[in-house]
Structures are given as structure tokens and as C-alpha cells.
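The structure appears right after this line, and notes come after that.
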Amino acid sequence: MISLTTTSFLMGVSTPCSTPSATGRRRPVALKVVSMDSHVRAGERSGSVVVDNNSVKEIPNAPSPVFQVEPKSTPAASASTEEQIMTPWTVSVASGYNLLRNPRHNKELAFTEKERDAHYLRGLLPPTVLAQNVQVKKMLHNIRRYQVPLLKYMAMMDLQERNEKMFYKLLIDHVEELLPVVYTPTVGEACQKYGSIFRHPQGLYISLREKGKILEVLRNWPERNIQVIVVTDGERILGLGDLGCQGMGIPVGKLSLYTALGGVHPSVCLPVTIDVGTNNEELLNDEFYIGLRQKRATGQEYAELIDEFMTAVKQHYGEKLLIQFEDFANHNAFDLLAKYGATHLVFNDDIQGTASVVLAGLITALKFVGGSLADHRFLFLGAGEAGTGIAELIALEISKQTNAPLEETRKKVWLVDSKGLIVSSRKDTLQHFKKPWAHEHKPIKELIDAVKEIKPTVLIGTSGVGRAFTKEVVETMTSINEKPIIFSLSNPTSQSECTAEEAYKWSQGSAIFASGSPFDPVNYKGKVFVPGQSNNAYIFPGFGLGLIMSGTIRVHDDLLLAASEALASQVTQDDFDRGLIFPPFAKIRKISAHIAASVAAKAYELGLATRLPQPRDLVKYAEGCMYSPSYQNYR
């Protein structure tokens, strides 16, 4: 019996299949495997095999140690035909050609002369040795040559699959330029066209066909120490609707940001798409669609698949696994968060992450308009996951600041949905998550009439309806307030309730503006206005890092408030002088470290953290936990 493992390939560990050569170096040999041991499961990445000793022989000048797993020789198997049935198993040490195809360890032209000799790379690379910073410079130059954002996205995804460290080094060093490429707004188009641009499988696809064997599917993933999963069912991707299986672009993008912005190691991240079908007829009729070609499952069938998934990931990865729900439709998102919040470490970025970053922006905006949160009136266009999530966190923060009951502080927040202002006379027909916002008032159908009647100081859009903040709405807000706060948060850019230029122009330069997707600075009457971007990427990477590094087992509302306050505290006086209500993304790793420290501190205070003892300096501890994308030297 020879045990095969896939670890320590680059650490100079001798393998059972290497023999001394005349020069004293270990020369690879190949072992022909004639059968698999009975306990080795399909999908396992390591295990034991039974080897026919007579078939072991040295292969001169082999580029890397390779175990070739073949079926037992039979007359039928000797003929090489397309119909031949065989077991496609190979296990190889990461050296030579295989090393250049390993994204985790590949350094491309940065391999030194010594490394090229030690790892059988001679002749497989041009003779030039390029430092990582030169490689990054070249890659950035190539990406900038693309005029179409989707092509830039595809180039970045190809780089991630080829050279993981260079991908993250490039993204970290040029985050303000490349964040819109790997995430909103470009990721929306990428999801719409995911079937057409699909090249490499990233993450796990769990469909109805895997029902009853999800735990087995999880074992097919090569990494065992998973600490964070981002999962979607693709039903409500950004403001684009049901994209089914093609929503995988969202978990992949989110986890790229967990690593680049929050420093969570990529090996502990797992993107997951749960495919229960799609109601998008265009996709169902698209020959390039990669998901199940059926109408979306609902009810018990849907609930059973989700429950099996949640049970399996907790069993396989443990109690402290962070599960981030992403882009589930309203009717499922709230129910899943409520159902699993008491038994799993779960977080919904659309509800909680959005709320946390918007609250931080509001706290900062008060520096410009004065007063406390309790002094303001809030009106939302949109009463889905984002709208009600933000509203609830605002009410919680006001309650915390004033010691007023939550039921009272909610009365400062009003919501408008597709049927008009949410009022008590509609309560019987409202979804459960809207009912806390049904206040006493006469029914109002149109947003402009609600603005005139409620007289809000803060107007927030989460509706996904592009240009819903008309000129009349913005001008009315300006007539009511000296400095109206207007947040147009819907993604992607095409769904934004108004543009930055419209907000500044129609308010005559008086608005405090932020958006979900980025807008360029606006020059209005000789003054340059820099719009804020209320991007969830400010919050969830640092929030997740704080949960992971403290071993937190449940998410509490106070952790979200701590994250908001930490983000707001990172806005400097220089930022204020430039009119910013969010700090520059160039400082995002420092920001994430402070958010992680605040979240962890609150978790320890609430008794939710399990990694003891508590570090003395949580900011330094967070920075020390962060993944570095710099190349390592290999023996």
C-alpha cells in the first residue's frame, strides 16, 4: 500500500515514488495503479492505492512524479478508441509542467534560476526572470488596453485561474480601478452572459440532481478547511432578476473581495450556487445556458434542498463556518435568515451588509448637515431586503442612542413600495417583513407626493428602478432641506434611481449624495463634487474577518452596529474637506482591519467568540491574519 497525498509538494518532501539518480537528485518515477483500494471514494483528493510492484519502473527525464491510474489490462482495453471506458485519475507532485498549471503556486516568469532547476522548469519557461511587481505592471497595462468592461472582467478571471497570487496582488494594489471590473457594475453583465463566457468551473454547483447526496458533493471540493461560504440561488441577482445558475458570478466575486479587501485566505473560501431552475424564459431557451432547464422549484422541494445543504455544510466544515446568503429573492431571504440565524453563523449581505454600510454613510453625513439620527426623517423607495434591512438598522441605532423603544424609533422611517406608501390600512395585505413599517397615515400612491407629505431629510433608493428619483423629486427634497441627503443605491448603474450628475445639478450642488455603483466626479458651476459609493465591499470583508478570527458562532445586530461605527470612524478630516462620506478604497485593507477588530471586540463582549484568550491588540491581530499575495520562495 502506498499512501498518496497532495500536500507539501513544494516543501522538499520526498515521495514514495522518487528514487536517487546518479547525481544524487531524486528522479521521478511513475507507478501504474492496477486497482483502487475499496475505501477510496470518488472525488477524494488523497487516499491509498494498491500498486503492482512489477509495473514500477523509472521513467527517464520525466518532468514530474506521476501516478497513472489505469484499468487492468484487457484485450478490449488495449485498443485506444474514443469509446474506451477508463478511470481518469491522476495524482501529481506540483513541479515541472504541472507546477505552471497550478494557480495556487504558479509564479510564471518569477521563478528563480534555483527554483527552475529544483522543480524541473528548465526549458518550460523563457530565460528571463521577472519580479512580481513587473508582472503586475505588465498585466495592468494589458487590461487597460481593453475598452469593453466585460473583456477586462474575463481577463481578470483568467488571471485568477492561472496565477492566484498575481491576481490578488494586482487587485489589492489597484483596487479603486479594478473593483468595478471584478464586482459591480461589471459583474452584473458577466452574470447575464455567464454561459457564453464560461471557461473554468469556480466553486460548487449544487442542483436538484444532487438532492440526497450534498454531503458527498461537498467532499468533492479539494479544500477541507473552509471557513466562509458565499451562496446564492440566483433568483435576484443585483437588480437584474432571475439569472438562475449564472448567478455564480456573485459568490465568486464576493469571495475575491473577501481575500483582496479583508485578507481572508482564498483556500478557506467556497463559492456555491444552488440551482433549482429558473423562471427566466430567455435563459431557458439559450443554448449556452449552463443550469437546469426547468422552472424554478418552490415550496417543500426548495426548502428540503436548502435544509440539506445547511445541515451538510455545518456537519462537514463545523460550527464556526460563516455562510453568507447572497441575492436570494425577498420571499426566501428573510425566511432563511430567520430560520438559520439561531443554529448557524449566517449573514445576508443584501439585508445586513447593505444596512451596515448605509448606516455608516448616514453617520458620516451628519457631520455635514448636523443633528443626530433621531433628528431626521427617512423615506425609502423600495421595501425589499435592502430597504427594510437598512430601515431596521437605522431604527436600532436610534434606539441605542436615545434608549427609546424600537417600536417608537421605527416611526421615523417610512417606506414606499410598488403600491405606494406603506401605511397601517395596508397591513393585512403586506408581507411580514414590511409590517413593522406600516404607520398611521392616509394612503399615498406616488413617490413625489410622499416626499411632499412626509418631508424627509433623507431619501434612500433601493427599488432597482432606474431614474425613479426624477428632477421634481430631487428639487422637492432641496426645497425642504438646505442639504438633502440622497442615496441612490440600486445596482448596477443602469438601475440607479438617479445619477450623481442629476443629483448635484437638480439640487444646485447642495445634495449629500451616495450611490451603490460608482460614478465619476461631477463638475458643477466650477466646483468638483466627489460622489460617495455606498458599496457593501466596505463592510462584509472586514466583518467576515472579524467573525473568523474571533471564532464567533452567531451574528448579533450589535456586531453590525459595531461595523458601521468602525467604518464611519475611518473617514478623516481630509476626507471631509473633500466632501467624502466614505473613506477612499485605497485604504480598504486598513479599514477592514479596524472593522474586524471592532466586530471581534463586540463578539468577545457578548460572549459569542470562542477563540480564547482574546488578543490584546485586535487591530494588529487582524492585520497579522491577513493573506499576503506576495510570491514565496520555494526550496
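Each Cβ is built from the backbone N, Cα and C atoms, and glycine gets one as well.
What TrEMBL lists as domain 'Malic enzyme N-terminal' is 160-341.
According to TrEMBL, the active site, proton donor annotation covers Tyr183. Tyr183 (active site, proton donor) is surrounded by 26 other CB atoms, counting those within 10 A of its CB over all protein chains shown.
For Arg236, Asn491, Asn535, the entry in TrEMBL reads (S)-malate binding site. Within the same chain, residues at least 6 positions away in sequence whose Cβ sits under 8 Å from that of Asn491 ((S)-malate binding site) are Thr184, Pro185, Gly188, Leu238, Gly239, Gly516, Ser517.
For Lys254 (active site, proton acceptor), the number of other Cβ atoms no farther than 10 Å from its own Cβ, over all displayed protein chains, is 27. Residues or ranges marked as active site, proton acceptor by TrEMBL: Lys254.
Taken from TrEMBL, the feature divalent metal cation binding site applies to Glu326, Asp327, Asp350. Under 8 Å, Cβ to Cβ, and six or more positions away along its own chain, Asp350 (divalent metal cation binding site) finds Phe325, Glu326, Asp327, Phe328, Ala333, Glu385, Ala386, Gly389.
What TrEMBL lists as domain 'Malic enzyme NAD-binding' is 351-604.
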Near-site residues: divalent metal cation, ref Glu326, Asp327, Asp350, CB cutoff 8 A to centroid: Thr232, Arg236, Ile237, Ile250, Phe325, Phe328, Ala333, Asn348, Asp349, Glu385
Residue among recorded positions Arg236, Lys254, Asn535 with Cα closest to the Cα of Tyr183 (active site, proton donor): Lys254
Mean of pLDDT values spanning the domain 'Malic enzyme NAD-binding' (351-604): 96
